[in-house]
Amino acid sequence: MIYSKNEISASDENCGNVDTSANPFFMLVYSMVFLVGLPLNGFIMKFYCCRARQQASSSLMVYLKNLTAADFLLCLSLPLRIAHYAISSSAMVQLLHCTVGGSAFFLNMYASIIFMAYIAANRYRKIVHPSGTHIPQTVRTARIISVITWVILLAPTITFISFFISSKEPLTSNYCVDSFSSSVSLLYKILHTFSAISVLLVFISMVFFYYSISRRVLQAQQTQLASSGSEKLVKSRRNMLVLVSIFCVCFVPYHLVRLPYPFLRTSCSVGRVLYYLQEAAAMVSVFNVCLDPVVYFYLCKTFRAQVRKASRRTNIQQANEESESSREQLDIITSTPVM
């Protein structure tokens, strides 16, 4: 977790080190998310890369692939975060956490947020403004937007890591910012404020998209009654509700705590409360790697069919194994001589 250098110094002098008794709990939760999220997103990555090539004409598929990549990379960053809680006394672990681990964690968190916003905007344009040609709806434009997004996210991340490595002091505590120079602290505050405001704007946009789609569904229900067109719109509203709900549950609490943190941490007691609130909110935010597959299931018909096919195959295999086991037991019974 990141604090400004002056805040940490004051805290260390007056309050001592932050209590780490909750670290085993954080380790357990992050480990569970990692063990569930990595294979789940690995399966989805395999599906998109190997079995969904025919969907390349869909701009929505481009954004879904990038969201999957962000979630998968976020899962890969979790072991360093787990090690940070497990071996907080290791200088090497803390250095890796402060440079690679933390940066990768936040890079992919904000990539997930942005691509969720793109998906919401894509659905909004298709449902509320279906007529006309929208340039962002083309695959080429979606790919360009995706590349630009990753470049914009990588640029400040690489800059931050470079500043940290070039100006760092020896790591003497669990806090990365104890090694921040004044220039790195300033860069952090700028990125901190900009990212929080960006998430707020994304949240407002997604609420607006859901409201507009809901109005469109209501209008369709009034004019088309129970037609197939109105049923599709109802499903679209449900899909948008799933997207907005995941965003609100995972990302809004973290940024509600994170935005005012540097300005409210004025005493030891307030600092401890805000520290645990921020740690808990960050922990909740990573649940999106386990919840985003729900978005894929609802928005991607091909993925939905593949999951159902795999489920049927598993059920058939289990039925065959049970049938084979029953036959073997019957053979044993019939072959046993009667005394």
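Please read every residue number as a count from 1 along the shown chain.
Backbone N, Cα and C atoms are what each Cβ position is placed from, and that goes for glycine too.
A quick note: this is a predicted structure, and the numbers were derived from the prediction, not measured.
Listed in TrEMBL:
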TRANSMEM  27-48  transmembrane segment
DOMAIN    40-296  domain 'G-protein coupled receptors family 1 profile'
TRANSMEM  60-80  transmembrane segment
TRANSMEM  100-121  transmembrane segment
TRANSMEM  142-166  transmembrane segment
TRANSMEM  186-211  transmembrane segment
TRANSMEM  240-257  transmembrane segment
TRANSMEM  280-299  transmembrane segment
REGION    316-339  region 'Disordered'
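The average pLDDT the prediction assigns to the domain 'G-protein coupled receptors family 1 profile' (40-296) is 82. Spatially, the transmembrane segment (186-211) is not adjacent to the transmembrane segment (60-80); fewer than three Cβ-Cβ distances between them are under 8 Å for residues at least 6 apart in sequence. Listed by sequence, the residues of this chain that lie at least six past the ends of the transmembrane segment (60-80) yet keep a Cβ under 8 A from its Cβ atoms are 30, 33-34, 37-38, 41-42, 44-45, 48, 52, 93, 96-97, 100-101, 104-105, 107-109, 111-112, 115-116, 118-119, 122-123, 139, 142-143, 146, 149-150, 286, 288-289, 292, 295-296, 299-300.
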